[in-house]
Amino acid sequence: MTTVHETEPTGERASTSRPPAGSGRFWTLRRQDTLSGWLFVLPQALGFLAFVLYPLIAVVYYSFHTSNVLSGVTKYAGTRNYSQLVHDPATPSVARATVLFCIGLVVINIALAMLLAVLLNQRLRGTTVFRTLFFSPVVVSLVAWTITWNFLLQNNGGINSMLHVVGIEGPNWLRGDNSALVSVVIVQVFKNVGLNMVLFLAALQGVPRSLLEAAEIDGAGAWRRFRSVVLPLISPTTLLTTIVTISGSLQVFAQIQILTEGGPNNRTNVLVYFFYQQAFDNHDFGYGSAVAVVLFAIILVLTLVQWRLRKKWVFYES
Amino acid sequence: MRTRRLRLTSLALSAASLLALSLAGCSNGSGSGGDANVSLRMTVWSNDPSQTALFNSIAADYRKTHPDVASIAFDYIPIDNYTTALTTQIAGSNPPDMAWVLERDAPDFVSSGALTDLTPTLQKAAGYQYDDLTPAATKLWKQGGDLYAYPFSTSPFGMFYNKDLLTKAGVAQTPDQLLAAHQWTWQNAEKMAAQVAAHTDKQGLVVRDWDYKTWVQLAGVWRGWGADAWSADGKTCGFDSPQMQQAMAFLHDAIFQDKALPGPGETADFFAGESGLTITQISRATLLATHPFDWGIVPLPSGPAGASQVIGQAGIGVMTKGSHKQQAADFLAYFSDAANSTKLARYFPPARTSQLTTATLAKANPMFTPQQLQDVVIDGIKTGSVLPSHKNSAKIANLVQNALDPMWKSGADVDAVLSGVCKAIAPALSE
């Protein structure tokens, strides 16, 4: 492969644009290549600088300042915003909600996606219909999906009405101390499980049948074949879905805003929603920025840790 | 050749993207040029087509005599996120020229310097009659004797009732009859609501826009007990006062024992005929334009502390960071002069003493009887007090909402929850 890459352009250049050796032209071939490269990446680079890097630096800057949006006055505050986060009475509740939401979402989402993928990987009639059914929420608008669930989960909403028909008094899903977080997790799981399911399905279809047949001949049962053959072979997909789901769980916002607004009593107030409240509800951009920096650091550390640990639990990497 | 063409294309694309970014960076979004071709923008939280049509007609009339103003836009932002969106625009260096401001945000906006002083412009405006503005209406919007926003809406809360539903529930005396008999009390209102909930498939009393979150809407209830969220100077919490404890215990029992109010997570819209009574501002009466039922309105009931009316307010201010402050202030003077105030009175009860008469209001509000206008609007504005407001209002509102959450379940310890509210907001009150 390397040989082809090196020879093809050289052949073209030799016949078209290579300047005579020692001509002293400013636009040498190397410079032309460099300029072309920069021009190709310029649109993307400008977008990255303007909408990613600059805001990122600005957030870090603001996290060390107090900023009154209305008066427009910004003052240096040292580490006061970070200290405020440590001592804020809401911080334990926010941390608890964030951790529980993350664990609940990752465990249920990955387990359910894997289960659905295994079921849909069987050669049975109607699997295409179910595959479409489970994947369809992924392409539905997040806000429309959440608003619909908001109606269903009201105390006098659709779910409790159905439960009432069969003689069960359902809880007040979005107002209960424990049911609120569970409800938000379930809504999010149903929204995105289809995506992970498709990824697992693709991975399962890449597992060689010969290995499974060999294991079967060796006397391995269905569970043993899954645990010892399938699971290791799909471990790169498990790593990918876990990283993406954890990262997504720490960025959940619209569902919280529409369903619970962080309540009741901060039970569903995850870190990213807390950041929004501080920065945009309370107009405290300094404190909000400090929360955002902490959130960024958590996501970065978690991703790095998972990446470092991948060799221990990913069977192979291509 | 192909390589060269590719490079030329990439160069053109990059130049185009640079140009687009530069143009986007140069534009401030207002489209305004110099002072001879001014575009003004006012953020509003109403998208009622009839109200927007009225605003536009006032703006069109103004532009006839002010050719320097090329356009006046009324930029709708939903009420739920209104202040958040407005402050984001300000932070993003794209403030409107004028903005509606909620009463709860008034202390923050007035004291921060976000609004310009309107006093000189309004006093100088020909025929404005600045002194006609009622002191009660302007109090919240003043600092050091100067007016920083025009209180365009001073809207008292009232109790709307669905006569058809009350009749269906077998209610013997309607609220207007109880009012005439001096028996319009919270106890009787609660009994009536419980009766509706028990004898129909509809809800009893809905405190509109509360939804177990926007607790400030409960001021209409607790002020009947003489309670308030905090002291007049804003430094002492009032949630743990005996009056507040009694008021909240009454409300808690009404919800969880008598089922007179829909519980948490239960929705009902009075204006869709889903509840017997509702507490809301009189300006919501436009929702009854095509009402499918017979209705009435009375002032809020009396509590142990007597009758206590509550007012919601909204002001229009000129943003200090706006590009055309003087033109915006001049337009606001026109928008709120006596003639236009009369037109706006159809939707927004005016702040002018001369217009707070039954005759004037009846012309603008044909939906109400003169008696209703007198009882709810005129007496409400004269005797009522504005909803609680405080500096740092959004932060305090969040803290109170979270601290009140444990109350909204059966068997809650009301007094303990209220003490918790005071504990939660004490540092913010003293900031």
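The backbone N, Cα and C atoms fix where each Cβ goes, and this holds for glycine too.
Because TrEMBL annotations are produced automatically, they should be read as predictions rather than curated entries.
Over in TrEMBL, the protein carries these features:
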COMPBIAS  A:1-11  compositional bias 'Basic and acidic residues'
DOMAIN    A:95-306  domain 'ABC transmembrane type-1'
REGION    A:1-24  region 'Disordered'
TRANSMEM  A:38-64  transmembrane segment
TRANSMEM  A:97-120  transmembrane segment
TRANSMEM  A:132-152  transmembrane segment
TRANSMEM  A:180-204  transmembrane segment
TRANSMEM  A:229-254  transmembrane segment
TRANSMEM  A:285-305  transmembrane segment
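Recorded stretches compared: A:38-64, A:97-120, A:132-152, A:180-204, A:229-254; the one with the most Cβ pairs under 8 Å to the transmembrane segment (A:285-305) is A:38-64. The largest share of C-beta pairs under 8 angstroms with the transmembrane segment (A:229-254) comes from A:180-204, of the ranges A:38-64, A:132-152, A:180-204. Beyond its flanks by at least six residues, the transmembrane segment (A:38-64) meets 74, 76-79, 81-82, 285-286, 289-290, 292-293, 296 of its own chain at Cβ-Cβ distances under 8 Å.
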